[in-house]
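Trainee: Please read through the structure below; I'll follow up with questions.
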Amino acid sequence: MTRFTKGHGTENDFVLVPDPEGTLELTPAQVQRLADRRAGIGGDGVIRVVPTRHATEDAVRAQAAQAEWFMDYRNADGSLAEMCGNGTRVFASFLVREGLVHGDTFDIATRAGVKHVRVVPEGFAVDLGPWRYGDEPGARRDGFDIMVRPRHGKPVPALSLDLGNPHAVVMLPDGIELDNLDLTAAPEVQPAQPNGINVEFVKTIGPAHIAMRVHERGVGETRSCGTGAAAAALATRFWSGVEDLSPWRVDVPGGTLTVTPLPGNRVELSGPAELVADGDVGL
Ligand SMILES: N[C@@H](CCC[C@H](N)C(=O)O)C(=O)O
């Protein structure tokens with residue numbers, strides 16, 4: 001049997017599996033079983049909690065001097081992802097509870113580089129690090145560089161951003177409401193993205209305040225996506241023409257996140273993290 005902890009951040013939920021010796025080879029089939037909501041524990045993703053020095057990827061092991069623990073993130077379909085914003089907070093909460101980190105600030109290793117975490121009153125704030133527009137330089141002259149067609153919908157222009165993982169953000173036109181979108185299948189994206197992409201649909205609520213739904217690569221619709229919330233806020237800020245450092249409020253079906261642009265093209269995500277159950281599971 002293998003120990004697990006179930007947790008979530010704004011209802012983006014994960015199965016955490018501690019692997020202090022770095023001996024657990026999680027296969028895609030095992031990840032799918034753990035993430036299965038009927039036959040397994042259930043989650044949008046699975047996170048192996050492993051000392052960074054035991055990571056198999058060289059680029060991750062190179063982070064060991066700065067970050068003792070590696071968030072080895074897998075999507076529910078078993079695929080690897082570079083980053084998970086909500087996952088970093090849940091991972092941080094687990095490290096704190098288990099006494100694996102000390103103090104109010106610490107670093108964690110991810111496939112998208114070291115992320116700096118702060119304990120804050122609402123949970124955790126994570127510097128997601130450098131982000132960039134996902135297009136060729138100059139291609140987003142009109143604010144869009146990619147087309148997205150939701151199931152049963154018309155194609156709409158979107159802006160792609162890289163938050164360590166890939167995102168396409170759509171501002172829904174007047175007359176189309178978030179509640180009316182069918183996200184039971186992946187939206188069609190043009191040009192096609194060979195590695196897949198997370199797609200966020202956004203409505204403006206007020207100044208620096210948006211609501212969003214997301215279809216995640218490797219999962220389907222989720223109730224929140226932290227890197228997606230950051231991408232959505234940064235895209236909306238770009239379209240607004242005022243690229244200052246004010247914090248953005250992002251409402252998702254599972255709660256509310258705060259996204260704060262930082263100097264030097266960095267961005268911070270803050271919000272809650274809950275650990276809800278512990279147990280043993282056969283893999
Ligand atoms: N839910 C996450 C993102 C998880 C990875 C994503 N599905 C991908 O494949 O890039 C978040 O909170 O950022």
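Note: Cβ is positioned from N, Cα and C throughout, glycine not excepted.
In TrEMBL, annotation is done automatically, which means it is predicted and not curated.
According to TrEMBL, the substrate binding site annotation covers Asn12, Asn75, Gly85, Asn86, Asn165, Asn198, Glu216, Arg217, Gly226, Thr227. What TrEMBL records for Cys84 is active site, proton donor. Annotation source TrEMBL lists active site at Cys84. Among the features that TrEMBL reports, active site, proton acceptor is placed at Cys225.
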Trainee: Can you tell which of Cys84, Cys225 has the least company, meaning the fewest other C-beta atoms within 10 angstroms of its C-beta, among these active-site residues?
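Mentor: Counting other Cβ atoms within 10 Å of each of the active-site residues Cys84, Cys225 gives the minimum at Cys84.
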Trainee: Looking at Cβ-Cβ distances, which residues of the chain lie under 8 angstroms from Gly226 (substrate binding site) while being 6 or more apart from it?
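Mentor: Gly9, Thr10, Asn12, Cys84, Gly85, Asn86, Gly87, Thr88, Arg89, Val126, Leu128, Leu257, Leu269, Gly271 - these are the non-local Cβ neighbours of Gly226 (substrate binding site), listed in sequence order.
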Trainee: Sorry to bug you, but what's the C-alpha spacing from Glu216 (substrate binding site) to Cys225 (active site, proton acceptor), rounded to the closest Å?
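Mentor: If we compare the Cα positions of Cys225 (active site, proton acceptor) and Glu216 (substrate binding site), the gap is 8 Å.
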Trainee: Which of the three DSSP states, helix, strand or coil, fits Gly85 (substrate binding site)?
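Mentor: In three-state terms, Gly85 (substrate binding site) counts as helix.
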Trainee: Which chain-mates of Asn165 (substrate binding site) that are at least 6 residues away have a CB under 8 A from its CB, listed by sequence?
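Mentor: Listed in sequence order, they are Ala81, Glu82, Met83, Cys84, Ala112, Asn198, Arg217, Thr227.
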